[in-house]
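Below: one structure, written as structure tokens.
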Amino acid sequence: MSDTISFEMGSASERPPNRFQVNPVNGNSRKAQAPEGTTPGSGAGPGDEGPHEVYRRLTNAEGELLEDDTFDATQVLNQHQPRMQRQSIKSSFRDKDKPSRFKDLQTTTRFQVDPENEVSEESNDSQEERELLENEYDTKYGKSFRHFTREALPRLDNYRNMMSIQAAYRPTLDELHNATLTGKNTHSLTRNQDLESGIMNGILKFGWIKGVLIRCLLNIWGVMLFLRLSWVVGQAGIVEGFVLILTTTAVTTITALSMSAISTNGVIKGGGTYYMISRSLGPEFGGSIGLIFSLANAVACAMYVVGFCESMLAMMGTYGWAIVDGGVQDVRIIGCVTILLLLIIVVVGMEWEAKAQIGLLIILLVAIGDFVIGTFIGPKSDEEMAKGFLGYNSTLFTKNMFADYRLEKGVQHDFFSVFAIFFPAATGILAGANISGDLKDPQKSIPKGTILAIIITTGTYLIMVLQCGATVARDATGNLTDTVNGSFAFLDCQPGECSYGLQNSFQIIELVSGFGPLIYAGCFAATLSSALASLVSAPKVFQALCKDELYPKIVWFAKGYGKNNEPVRGYVLTFIIASAFILIGELNLIAPLISNFFLAAYMLINFSTFHASLAKPVGWRPTFKYYNMWLSLLGSALCVAVMFLISWATALITFAVVLALYLIVAYRKPDVNWGSTTQAQTYKNALMSVQQLNNVEEHVKNYRPQILVLSGLPNTRPVLVDLAYMLTKNLSLLVCGHVVRGSSSQKYRTYLQERAGNWFRKHRVKGFYALVDGEDFESGTRALMQASGIGKLKPNIILMGYKTDWQTCDRKELQQYFNVMHKALDMYLSVAILRVPQGLDCSQVLGSQDGWKTVADVPRTLQPNESSGDLQAADSHARNGLGGSIDSLSRNVSQASSTSDLSFIAGNQSKDVSGMPDPLDVKTANLLPNTLRKSKLKHDDPASLYKGPGGAELPKEVLQDLTQFTRKRSHAVIDVWWLYDDGGLTLLLPYIISTRRTWQSCKLRVYALANKKAELEFEQRSMASLLSKFRIDYSDLTLIPDITKKPQETSTQFFNELIKDFVVPDKDNENGHSSRATLNEDEALISDDDLLAVQDKTNRYLRLREYLREQSTKSDLVVMTLPMPRKNIVSAPLYMAWLESLSRDMPPFLFVRGNQTSVLTFYS
């Protein structure tokens, strides 16, 4: 046989087939077949191609498999290659990073052409080796494909943590979209490391039988089965007994169906009931239920242990045994010893606890079987017959068919009272779900195990009801003489006089059983298994609650020990609580409360499913389909009804406790985000409200000032935001607009949004932050005005800061600022401009607050319009510790003015994609709100809200300026200069301010223009009448009679000084070109014609300036109608000169111009 074999590989381009020769990689033949003078990779011919060249030829340039290739490596190799040859080819097909003993020999691997019909000596190798080769080849291809693309294939690891913004192996959008990015995601988890599911070597996980079914069976089959079921039959009869049991089963089944839906809607971690409710309804409901459910389980553990002790004392009493007094003291002694033994079992490990549960189940099943067999055996003695056990009897069955409710211990029983007593027998359905963290597959185990347990236990209860009703009489004397000669005289006794029978004795199950002592064993098994389940459930649920830190001072109990993360501290705490209740006694008074606690959990499980189905979030996709939202709602209502049936007083106590715990969590506002259905419902309600609002016709009485404030980041102009919020608080919409020059990365945008949200929370401002990337201030603001809001929730007022550096700034910036006003008026938006004496931009005064990084920590990238010198200068500027926040670089580095109030930040802060954090890890930003909530600083204290660079205290004067609109004012004065009728907005805004708590005692002084001096008194009365009809209180009303009077010479000189740098003489220059051509090129200039055209207006505003300085210099706020900027009539510098004349050296000054539609009305 030849040492080589041939095969052909076709080409997608129909080129002649390449022929390869495959050498066996075994020293001698390899050396013999290597031609002299050839080197690997030389490209001399096909014989020089290594295994990676083979793979290259199997793919195109993009790394995709060629569809027309006829190369089937696995088939050819399986048919023709000996084992040693296949081993060598497998090695060469492995990833080059994997160790291989042939790694050093890959460069000499040869491919030749030989006849194709050669048959291998070992062609009959096993199928296992063929599969191994196939798997190896597929793995090679799968791993190599990652080298040809940045994309990630859909894998489980990418979706494992639902809270993570970036998946473990999935590249970011920037990495995919931006071709200049170098570097890979360095935050990947190690392959095969399954952190979320917790499946690691050595951890004990239970299947659905041992983990859920057995636990639920043991918890549902409790002491009630042996001590109370016969009494229920005696009171309710067989028919109503069936109804009672089926009603109980309906409640538990509906709850189980709801729980199955929740548990199959995603991965369930440890915490059981608490985890399901908290992730569905949110931390408030989840935390309250988790706490009371843990407490209920701890107290229930004590109840079950006491039940065991009482059964033990009853058995000891038959033999005359006693430890101390055969009563309460013995219960305490036996109880403490028993719960200590149970604690040791669970602390040793869940494996021992599971083994103990299986042993107890066997005993319980034997006891139930003993009873069933006993009914068929019949009475074994006359004594048993005298006590009412007759065996199967049709007459007795008929007599016991219907109810016979009686008075017992002063209580007249009826269906509902008997139902309340029996219902706790069915409250063990959560036993399996509570150890969800210890289940292999909770999504499958919880539904299957819980529902099957309900079916089995319900069937058992129904069969035992039939057997009790058919074999035991309601009343019996127990007198042996009455059984003589087959007489049934022992059944003739009046109710209340007999000691035996279904109605009178709790030992009926023992009486009927084939072997009585087994029933005692069954009682012991039922109580101990329930106690053991409660002792495990309480700490497991409590541990999950503690991990989430919903309540203070309990995180200490979250620590787990061992491979299974056992809550040993929780076990000890449960042991202490249970021991205390055992020693106290009086558990019968607490029993109804415990049942109500369990029912409250059932109620919220049902409500969770209903609420999720109602809200219909996209994430609600349970694989368990056998549920119905209205059935879940019915189950929730049934749980509430049963709570009040058991005890209305304890039901009220339960609701009060749940409400109190709910309010605690709501007040603490834990920093958690679990995607609860309450979040989904909030969105749904908001969407529906906005849609409904869209159909509501607008009316002047319902006008609300919805403000878009051009603030940049809110913390850079807090005074501007404070004024806007004072106008919109609890009334309307507030949007803080931010225009960033140039493009920014998504990380940077997210950082700015987090920072703005942080400022809103700290200052208790209810507003929204809107960020726009733009080439300049004008285009960005246009986008904000056009796109902000939705439906009727859209801004109708734009609020800007006054541009104090309009005389010295770049002319283009001035024109953009002026154009924004024009655009706003074109869109029928009202315009407001605020000027304060100290300026609005506080970025140089305030330091970096709340843990946000300073400019030195934020990486900047070189922009197209910057030189490297600019960047170096900016970085050294930051390193030298100017101490400002990130907003200190919030404008162009080359722009020296710190007084510019253009509401955009940092053209130079725009980001390119890089491997560095940009500018801050989002996860760090997300941690900050919780820090704020934990801060004990008083909100009203300005010193806690505002800090200087490095956290330094600010001077009192600065703090007063920063809080001029938020601190309480006494005897403040607001002057309203309502010059022109703009719809009433100039009057409405100061009125709104006067209604706020901090400005409540302020006075409104109204100034208006008189039409004729001769009719001054009449016009004053007319204005007063108008104000009174508007129901606006004012302290003083003044009309200005001589506004047309010529201004003083000093005012004219002041105005000319303002505009001297912008005035261009309107005459031909030396070249013969008119200055009009210059004006057309640069609109930020003023010609003599322009001045002459508006001379009257200029004089009017200068005259107003004189009145303002006379009347309003001592006021706390001046509100004036904004002069109308006429298009193509008034240039930007001329208009700004008007505003400067009116507002210079004045108190805080607010210009307002409505959109000429009414916002006030005197009609009701």
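In case you wondered, yes, glycine gets a Cβ from its N, Cα and C as well.
Taken from TrEMBL, the feature compositional bias 'Polar residues' applies to 20-31 (among others).
According to TrEMBL, the feature compositional bias 'Polar residues' maps to 72-91 (among others).
Among the features that TrEMBL reports, compositional bias 'Basic and acidic residues' is placed at 92-104.
Annotated compositional bias 'Acidic residues' per TrEMBL: 115-126, in sequence order.
Feature annotation from TrEMBL assigns domain 'Amino acid permease N-terminal' to 138-187. Taken as a whole, the domain 'Amino acid permease N-terminal' (138-187) shows an average pLDDT of 63 in this prediction.
The domain 'Amino acid permease/ SLC12A' feature in TrEMBL is assigned to 211-708.
Annotated domain 'SLC12A transporter C-terminal' per TrEMBL: 717-1164, in sequence order.
Annotation source TrEMBL lists region 'Disordered' at 1-131.
With a cut-off of 8 Å between Cβ atoms, the residues of this chain six or more beyond the transmembrane segment (212-231) that come close are 206, 304, 307, 311, 357-358, 360-361, 364, 367-368, 421-422, 424-429, 431-433, 435, 439, 445-446, 448-450, 452-454, 456-457, 460-461, 464-465, 468, 472, 502-503, 505-506, 508-510, 519, 522-523, 525-527, 529-530, 533. The transmembrane segment annotation in TrEMBL covers 212-231 (among others).
The transmembrane segment annotation in TrEMBL covers 243-268 (among others).
For 289-319 (among others), the entry in TrEMBL reads transmembrane segment.
Feature annotation from TrEMBL assigns transmembrane segment to 331-351 (among others).
Long-range Cβ contacts of the transmembrane segment (358-377) within its own chain (Cβ-Cβ under 8 Å, at least 6 residues beyond either end) map to 210, 214, 217-218, 221, 225-226, 391-392, 460, 463-464, 467, 470-471, 509, 512-515, 518-519, 521-526, 528-529, 532. Residues or ranges marked as transmembrane segment in TrEMBL: 358-377 (among others).
If one looks beyond the transmembrane segment (415-437) by at least 6 residues along the same chain, the residues whose Cβ comes under 8 Å of a Cβ in the stretch are 198, 206, 211-213, 215-216, 218-220, 222, 224-225, 228-229, 232, 235-236, 240, 243-245, 247-249, 251-252, 255-256, 259, 263, 268-273, 275-276, 297, 350, 403, 405, 445-446, 449-450, 453-454, 457, 461, 530, 533, 536-537, 540-541, 544, 565, 591-592, 594-595, 598-599, 601, 642, 645-647. Under the heading transmembrane segment, TrEMBL lists 415-437 (among others).
Here the transmembrane segment (449-473) has Cβ contacts under 8 Å with residues 208-209, 211-213, 215-217, 220-221, 225, 229-230, 232-233, 237-238, 241-242, 245-246, 249, 252-253, 256-257, 259-260, 368, 371-372, 375, 378, 388-393, 396-397, 399-401, 425-426, 429, 432-433, 491, 501-502, 508, 511-512 of the same chain, all six or more residues outside its ends. The transmembrane segment feature in TrEMBL is assigned to 449-473 (among others).
According to TrEMBL, the transmembrane segment annotation covers 518-538 (among others). For the transmembrane segment (518-538), same-chain residues at least 6 beyond its ends with a Cβ under 8 Å from one of its own Cβ atoms are 215, 218-219, 221-223, 225-227, 272, 294-295, 297-298, 300-301, 304-305, 307-308, 311-312, 314-315, 338-339, 342-343, 345-346, 350, 353, 356-357, 360-361, 363-364, 366-368, 370-371, 428, 430-431, 434-435, 509-510, 570-571, 574-575, 578.
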Maximum Cβ pairs under 8 Å to the transmembrane segment (243-268) - stretch from the list 331-351, 571-591, 597-618, 630-663: 597-618
Candidates 289-319, 331-351, 571-591, 630-663; stretch with most C-beta pairs under 8 Å toward the transmembrane segment (597-618): 630-663
Outside the transmembrane segment (571-591), six or more residues from its ends: residues with CB under 8 Å to it: 295, 297-299, 301-303, 305-306, 328, 331-332, 335-336, 339-340, 343, 346-347, 424, 535, 538-539, 542, 557
